[in-house]
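J.: Mind having a look at this structure? Questions to follow.
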Amino acid sequence: MKLFENLYKSVGIDLGTANFLIYVKGRGIVVNEPTLIAINNRTNQILAVGEEANKMLDRTPAHVTLIKPLINGVISDFEMTQEIIRHFFSKLSEHNLFSRYRTAAVSIPTNLTEVERKSVEDAVVSAGASKVLLVEEPIASAIGTRLPIEEPTANMIVDIGGGTTEISIISIGGAVISRSLKIAGQRFNEDISRFIKSEYKLLIGEPTAEALKINVGSAVSTEEKLEMAVRGRDVSTGLPKEIIVRTAQVKTALQKSLKAIADVIKSILEDAPPELVGDILERGIYLSGGGSLLRGLDEYLERELQVETRMVDDPLTCVVRGLGIIIEDTKRYETILSNQEKPKLVNL
Ligand SMILES: Nc1ncnc2c1ncn2[C@@H]1O[C@H](COP(=O)(O)OP(=O)(O)OP(=O)(O)O)[C@@H](O)[C@H]1O
Ligand SMILES: [Mg+2]
């Protein structure tokens, strides 16, 4: 049966709000591109997907629409999500006749409704997978970090992505407590744009806000004095204007969102059973997801929470690497996967 296993090509898919990653069994990460699609809105034709579409950001002519088909980790445009998956599947399987027969392990936020879970499954199946295993993002992230989640010790993982921050306490292969909030990397960009508009009366695009966040942004005061020149449109004159933005300003812009994240983690620690909190105090908090790359975020949370906080290695690929570990050895992770498949009760 080994032969068939190879032909069936299992894949891991991190269908993120900001980034789309695919891990192919036996090969590793083969796709790592923005979750973005450009369409011609006159003809409905797909013009570009992923990195190619990203190059068009903020520079599109009127007939081109750029779509981010996920909002806060949830599919908001089913058809476009399906097109993105189909696009990358077809690139993977150019030389593989058996490409339709794949098992796909797909990461999802923790608080999805049954309908939203079903929509992820349907999108992946209609793009060519034969079987879908849904894995909650913090579990995938913890496995990707190789935390000992099967042991009876609690681990806290905070995944700050583009659209959501997922906070989970994991023990014996399952999430004991999970909370998902819609404050993450994209909200940080919005905070920065809003701040620049109110302080400098300057309108900037999202790529500029993101560049500010990455190049000079910080959650805490820094010794190195970073600054960046940004160009935008003056609100009152409508003309282009350039200003210099420094770390302290980006830090101020982000304070409210960062405080909100810290407060939710704090409330989870306050509500959790003492044994779990004891484990977390001993082991610390693990930060994953691209949003956690914000300069000084670990230090900020450590100070706010009084718990040691550390970043996982390569936080942007941690979820898909976790899915990869699962599909490389599905037998070992059977119990974890069956925990995940339990239908949730929906309160009507
Ligand atoms: N060096 C950096 N500093 C700050 N933020 C960063 C950095 N690099 C990437 N990011 C942010 O990380 C976010 C993307 O992270 P990630 O790929 O983990 O999200 P995602 O998985 O697509 O989203 P989600 O899990 O919320 O659906 C973006 O908002 C991006 O701006
Ligand atoms: Mg993610």
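Count begins at 1; order follows the chain as displayed.
Using N, Cα and C of the backbone, Cβ positions are placed for all residues, glycine too.
TrEMBL does not curate its annotations; it predicts them automatically.
Straight from TrEMBL, here's the annotation block:
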BINDING   THR17, ALA18, ASN19, GLY162, GLY163, THR164, GLU210, ALA211, LEU212, LYS213, GLY290, GLY291, SER292, LEU293  ATP binding site
J.: Under 6 Å from ligand 1 by Cβ, which binding-site residues from GLY163, GLU210, SER292?
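T.: What lies within reach of ligand 1, judged by Cβ under 6 Å, is GLY163, GLU210.
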J.: Over the residue list THR17, ALA18, ASN19, GLY162, GLY163, THR164, GLU210, ALA211, LEU212, LYS213, GLY290, GLY291, SER292, LEU293, recorded for ATP, what is the maximum interresidue Cα distance in Å?
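T.: Comparing all Cα pairs, the maximum is 20 Å.
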J.: Three-state secondary structure of GLY163 (ATP binding site) from DSSP?
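T.: In the DSSP reduction, GLY163 (ATP binding site) maps to coil.
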J.: What are the non-local neighbours of LEU212 (ATP binding site), defined as same-chain residues 6+ apart in sequence with CB under 8 A from its CB?
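T.: Sequence-distant Cβ neighbours: ILE192, ILE196, ILE204, MET228, VAL230, VAL245, VAL250.
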J.: In sequence order, which residues at least six apart in the same chain have a CB under 8 Å from the CB of SER292 (ATP binding site)?
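T.: The list for SER292 (ATP binding site) reads VAL158, ASP159, ILE160, ASP298, MET311, PRO315, given in order along the sequence.
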